[in-house]
Amino acid sequence: MWLLVLGRVVQGLGGGLISVALYVVVGHRLPQGLQARFFGLLAGAWLLPSIAGPLLAGLLVEQAGWRWVFWATAALTVPAFALVNPSLRGLSRPRGHQPAPRGRPLWAVGAAVGALLLHSGGQQSGALAVVLMTAGLAALVVFAPRLLPAGTLRARPGLASAVALRGVAGAAFSAVEVFIPLLLSHERGLSPTAAGLVLATSAVGWMAGSWAQARIPAQQRVPVVAAALLVAGSAAVTASVSALVPLAVCIAGLAAMAVGMGLVHPVLSTLTLRLSEPHEQGANSSALQLSESLFTTAVLAVTGTLFAAVLAVSPASAYLAVFGVAVVLAVLAVPVATRAR
């Protein structure tokens, strides 16, 4: 088990390094006019394997054994490196480069510990849950702002608002997506397969949004449109908690939120690169992704605890509570979106 955990840690480190480095390469290699289209394609390159991957993994497990899933994944890194390596030639350190603050690694560790405490506290009960979650929130409050651009938590116009919007929007979507399968299977009586098909609509919606954003001339309006879709979608999902509301409303709401995320993700990536000096693109791209991770971790820990506490009283109230959090976050995303430009 410890070897598996260690492998996941190394995988996470590699994924974080690759994602940030990819943003920097895009910022240095592609003109601004092509960056939005590239990030849209990147979303498809992530979503398609996320749909096909579980199916292929299942076939490998049945035909060859579970170890071959990991061997095949590792083997795919070889052709991936061969394809990417030519684009890295000739890249040099940008002018004006300054070393990162010495305390940044410690701040990152502190934020990670805070997220871990929040996650652990959400799985406990009683006083232990309160202590762990309080300590986790305190650690995030202390360390997370040091990893993000100044003014992120106040949604200062410009880069800070773009980073803040990535976090708020991602947390709103995750708060819905995590609890949708439970609602569909436990309250609406859908089979796991049918619930999975409903979730697949979110992947299709995300891809549609990513494709569309690159073809919208007025890119500055996209964040506001995306935030509005998050509000409408989360409200529709919340309404579908009632058995009187057709299931189609829930599916449409989830799809609307996914389209909104597909719209806003590439635009915020492009905006972050545009608002950053060349030597700042790495740090700001990292902050963009950290914002989503930290916001989502905190919100899921809180909503998970809230759901467990209310579930014993009333299942419907539990779903209303967590989806209500998503609605509040989506509404907050609207004014933040108006400043992300």
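Just so it is clear, glycine is given a Cβ too, placed from its N, Cα and C backbone atoms.
Record features, source TrEMBL:
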DOMAIN    1-341  domain 'Major facilitator superfamily (MFS) profile'
TRANSMEM  6-26  transmembrane segment
TRANSMEM  38-60  transmembrane segment
TRANSMEM  66-84  transmembrane segment
TRANSMEM  105-122  transmembrane segment
TRANSMEM  128-148  transmembrane segment
TRANSMEM  160-184  transmembrane segment
TRANSMEM  190-212  transmembrane segment
TRANSMEM  224-245  transmembrane segment
TRANSMEM  251-273  transmembrane segment
TRANSMEM  294-313  transmembrane segment
TRANSMEM  319-338  transmembrane segment
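Nonlocal intrachain contacts for the transmembrane segment (38-60), taken as residues 6+ away from its ends with a CB within less than 8 angstroms of a stretch CB, comprise 22, 26, 30, 66, 68-69, 72, 200, 203, 206-207, 210-211, 213-214, 262, 265-266, 269-270. If you look at the transmembrane segment (105-122), the same-chain residues 6 or more away from its ends with a CB under 8 A from one of its CBs are 128-140, 142-144, 146-147, 290, 293-294, 297-298, 300-302, 304-305.
Sequence-distant contacts of the transmembrane segment (6-26) (same chain, six or more residues past either end, CB-CB distance under 8 Å): 35, 38-39, 42, 70, 87-88, 91, 269, 272-273, 281-282, 285-286, 288-289. At the 8 Å Cβ threshold, with sequence separation of at least 6, the transmembrane segment (319-338) comes into contact with the transmembrane segment (224-245) through 3 or more pairs.
Sequence-distant contacts of the transmembrane segment (294-313) (same chain, six or more residues past either end, CB-CB distance under 8 Å): 111, 115, 118-119, 121-123, 125, 129, 133, 136-137, 140, 144, 167-168, 170-172, 174-175, 178-179, 319, 321-322, 325, 329.
At the 8 Å Cβ cutoff, the transmembrane segment (160-184) and the transmembrane segment (66-84) share fewer than 3 close pairs (sequence separation 6 or more) and do not count as touching. Listed as Cβ neighbours of the transmembrane segment (66-84) (distance under 8 Å, sequence separation of 6 or more from its ends, same chain) are residues 7, 57, 60.
Mean pLDDT for the domain 'Major facilitator superfamily (MFS) profile' (1-341) in the predicted structure: 86.
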